[in-house]
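Have a look at the structure below, then the notes.
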Amino acid sequence: MVRSGSFSVDSSATHQRTPSRTVTLGHIQPQAPTYRTVYCNDRESNQPVRFKGNSISTTKYNVFTFLPKGLFEQFRRIANIYFLGISCLSMTPISPVSPITNVAPLSMVLLVSLIKEAFEDWKRFQNDMSINNSTVEILQDQQWVSIPWRKLQVGDIVKIKKDGFFPADILFMSSTNSDGICYVETANLDGETNLKIRKALERTWDYLVPEKAYEFKGEIQCEQPNNSLYTFTGNLVVQKQTLPLSPDQLLLRGCSLRNTEYIVGAVVFTGHETKVMMNAMNAPSKRSTLEKKLDKLIITIFCVLVTMCLIGAIGCSIVTDREDKYLGLHNSDWEYRNGLMIGFFTFFTLVTLFSSIIPISLYVSIEMIKFIQSTQFINRDLNMYHAETNTPASARTSNLNEELGQVEYIFSDKTGTLTRNLMEFFKCSIGGVSYGCGVTEIEKGIAQRHGLKVQEEQRSTGAIREKGFNFDDPRLMRGAWRNEPNPDLCKELFRCLAICHTVLPEGDESPEKIVYQAASPDEAALVTAAKNFGFFFYRRTPTMVYVRESHVEKMGKIQDVAYEILNVLEFNSTRKRQSVVCRFPDGRLVLYCKGADNVIFERLANGMDDVRKVTREHLEHFGSSGLRTLCLAYKDLNPETYDSWNEKFIQAKSALRDREKKLDEVAELIEKDLILIGSTAIEDKLQEGVPTCIETLSRAGIKIWVLTGDKMETAINIAYACNLINNEMKQFVISSETDAIREAEERGDQVEIARVIKEEVKRELKKSLEEAQHSLHTVAGPKLSLVIDGKCLMYALDPSLRVMLLSLSLNCTSVVCCRVSPLQKAQVTSLVRKGAQKITLSIGDGANDVSMIQAAHVGIGISGMEGMQAVMASDFAIAQFRFLTDLLLVHGRWSYLRICKVVMYFFYKNLTFTLTQFWFTFRTGFSGQRFYDDWFQSLFNVVFTALPVIVLGLFEKDVSASLSKRYPELYREGIRNSFFKWRVVAVWATSAVYQSLVCYLFVTTSSFGAVNSSGKVFGLWDVSTMVFTCLVIAVNVRILLMSNSITRWHYITVGGSILAWLVFAFVYCGIMTPHDRNENVYFVIYVLMSTFYFYFTLLLVPIVSLLGDFIFQGVERWFFPYDYQIVQEIHRHESDASKADQLEVENELTPQEARSYAISQLPRELSKHTGFAFDSPGYESFFASQLGIYAPQKAWDVARRASMRSRPKVPKK
């Protein structure tokens, strides 16, 4: 049913039934919000609408589409299309080579890829069957009947038991809990393991037993299926009564029921229309910069191929015209007088002959190398293993390994990324009086920078210290607040902390044993503070909050008070505040509000200027101490005003369109004329090793930007504490807290405020840019840093100022953006990525960092305290910020070096091989006669030179891991792209030309007139086999010359490849076929090996061909060394004991930590219980495959993760 023009639902319209519009998986249709009508417990009424079934399919193929669709996927690669065209050409009469030469390698590559696709899809199919055949109880004829998930339909009444998974998106109707609530774990959706509370409408509480549930005939008018996990708008119509629905009543597929015996609900969305399946869209596809440059190299090679073919075509036309009498071509039926036709056909003949210049095995080899790098090196590096949380590093994609070695800009969140996200209530301000005596880590760092010695803290007698509470001030403890100048405000602050939140208490209702389940550590810290101040929040129902208050009426008296929660105005990134309207037992109505200081100050009542001024000073002091601040306010409401407002609130809450916007507008009507209570200050300490890590990364040439939602003072001091900013730097500060902007805000004209801020931002940007450019042109000028707040950033990102902002930022070593929204984080990242064309990396730990992580070239997720959304959206996951040192300076740099060398080696060996064919065409009048046997040409890439390059890509190390971190400046070579420049390509191309000339000319010239042991002159196949043997030896030994770190695997693969060629030659040349009678390949190797000339050539030619490379490397090392070569020389005489290990981490862990790590790496069956690795003991990740490699998030991955169910612990009776 679609109605686009109204916000409310007319109950008379609920009997109309029109087909519901649906949305296919992964494609959210851009359409105006509409709604659907679902008839509960009435399949016949729902049947005409034809809602989607609950069966899901996450496979990519079926029996009929596998081959065509699989081949289509493979031929999306331009290289495969190229080889397909070459294979087709080789089947025509103009081809000088057998089709097997090109068809066999292409078929091998395609077969391996298709087998991989088939295996992965088969696993998905098996998983789909397991999920679709899971059972759920539905209501049929007044009793619960068990059916498979796939048979579930929209409108069915279902019963979900404790620890069971929701099979569809369900409207929560009733619960075994007397207060109509249930507890839900959403780990499969967002990784958060803290329980969420869901509330059924009181009108549906009675529909719990099958007899009562059978009587339920409600109608659900709700939004169309969409991918928003955290929103839901709709109405429930029961007996002509319309009740608004919210996300509190929706139980999403994939979540599990906890701490509740069972619940009853009505199915709203099924199958691919559930919210989690609608979210199952592919993550942004990322390709490394080096891979994009590889495409350009391939195009260049193709141009070289075309050039060679054009030379051959032109040469053939000329030679044929001059030599046609001798060749007798004028008597032929073919019209060879037409030079254009001769050139045309010769061109395509030579294309098939020279096709091997583009390596078919390049992409397969690189994928294999990257895969092993990820699974065996990054995932198993104990230097990046966090023993405290049993969390190893994990590469969720292997596509971007080498990108880690070229990062120039890092964009970092602060909370939970640079800091621990372990919040502790530290200080507060009440009624203009500051409380709290502690010294923060930031203050200690400031003192040390000024040469002051900080004494150890002397805590007061009886000071309380527990998780979330590190407050020391006897004036507020144990009822002493009653003697303060503002005891009433103290009482209001404590009540605000105890009431205005969404925290869920668990466990015994005693202060020592209770556990608070909070959406964020801040919330938990504030409620814990209220408890220690004597206002103990111990129980919650959908409509009540219970607080045990001490010392309120008189000293020492304890009383339990029940506060009725009438309305909750929820926090979001736009409002930046949260409010509750509550009724005291005596009937008093109060609005409590907490939020960002600038938001609260804008809504204060008149006459509070003095308190506001003092509180602002306290906030600035708290911020300069590195504390996170929050302001609190309240307002008494009279019943008439509240009733009038509540009607508007209910209307907004019942709206089906723009509900969030309408609720925000209604909230503005009551969140004004507030009385300021004070502020709180929470300490979030730096993570271990952050300052050292940042200093190391800065030495590596990486510029670090901090993007945070904290106030400017807090952000600046955190930046100081972690060595991002120091006193030697010149700071540019662009803030909205200027006199001109404040005056404009006081006048209240929004248009004028916008104009003034934009002008101020433009003026500051211009002024700062001029100073920055002048400073950069000054000899030994100071390093620069920029600090800008979110309000100014909004205008600085305007197209008219964006270029100026970018220019200033790129001149700065460090940038701090404070008070920024998630959108602004992504905008800043995109600005540098696209505007500066620099390699960017974003790192964060929360849902608000996802857009920033996806906007960067490389996204890093911190598996921290804020769920796993950041990890889910990331390319790599680590547990601590300090692990970036190893990830970038060791693995990133090595991967970049290795992939560069692999690509260059492939380019070199294929060009060398093809050029020998090209030189041979000059001897054959450009006729297209092939130089090598078809099988020689087919197996050159895939067998005889395949393994050594893979070993190079896995084990190449210029310096050890410890030296990589000791000399972070080495990383700059990756930033400069030193190993993949066109100059490097030219050097390798020159080497290929030289070696091909040596191998071809030496053998062909020296064999002229030479005879074998039978007295016969060497023929074509004798010479070509000799050249081929020299090539195989030379290009394989070249691997040893270019390797900085040679292992036994290098010798095994190089020797094995040469041996493989000789064994193949012995077997192949010993087989007589009808084809061989014409080609004369039969017995060639045996004839050659019977001559001294063969052994002399094999010894001399490879040495001469490699001599040029040897001399060049020596000259380069002595006169034009790379940075890593200088480091090698410095440490050349040191012990090589540490070089045996890939990573020097063998003795880093205690036996217990090593055991935990080993357990975390064991292959295991994928869990069906929860969704993410290491989020709590006994839980494992649906993302973690048994090999430990993480693919980019695909539709089927999300579907599989969110649709799992737990195995029953005991057999069902």
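Even glycines carry a Cβ here, placed using N, Cα and C.
Annotated range for transmembrane segment in Swiss-Prot, selecting from 801-820, 901-920: 901-920.
Identical topological domain names are assigned in Swiss-Prot to Cys500 and Met1042, which places both on one side of the membrane. Feature annotation (Swiss-Prot): of 560-570, 868-878, 1077-1087, 1110-1120, the stretch labelled transmembrane segment is 1077-1087. Cα-Cα distance from Asp849 (Mg(2+) binding site) to Asp413 (active site, 4-aspartylphosphate intermediate): 7 Å (rounded to the nearest whole number). For the transmembrane segment (935-954), the partner stretch with the highest count of Cβ pairs under 8 angstroms, out of 94-116, 901-920, 1014-1036, 1043-1063, is 1043-1063. The topological domain 'Extracellular' (921-934): residue composition by secondary structure is 4 helix, 0 strand, 10 coil, according to DSSP. Cβ atoms under 8 Å from those of the transmembrane segment (1043-1063) belong to residues 943-948, 950-952, 954-959, 1028-1029, 1032-1033, 1036-1037, 1085, 1124, 1128, 1139 of the same chain, restricted to positions at least 6 beyond its ends. Its Cβ taken as reference, Asp845 (Mg(2+) binding site) is surrounded by 30 other Cβ atoms within 10 Å in the chains shown. The transmembrane segment (68-89) makes no contact with the transmembrane segment (1014-1036): fewer than 3 of their CB pairs lie within 8 A, with pairs spaced 6 or more apart in sequence.
Annotation: stretch 901-920 has the most Cβ pairs under 8 Å to the transmembrane segment (985-1006), among 298-319, 347-364, 901-920, 1014-1036. Distance between Cα atoms for Asp413 (active site, 4-aspartylphosphate intermediate) and Asp845 (Mg(2+) binding site): 8 Å, as a whole number. Counted over residue pairs 6 or more apart, the CB atoms of the transmembrane segment (298-319) and the transmembrane segment (1014-1036) come under 8 Å in fewer than three pairs, which marks the two as apart. Outside the transmembrane segment (901-920) by six or more residues, the chain places 290, 294, 297, 301, 304, 308, 312, 353-354, 356-359, 361-362, 365-366, 369, 929-932, 940-941, 945, 949, 952-953, 956, 979-980, 984-985, 988-989, 991-993, 995-997, 999-1001, 1027, 1031, 1034-1035, 1038-1039, 1042 with a CB less than 8 A from a CB of the stretch.
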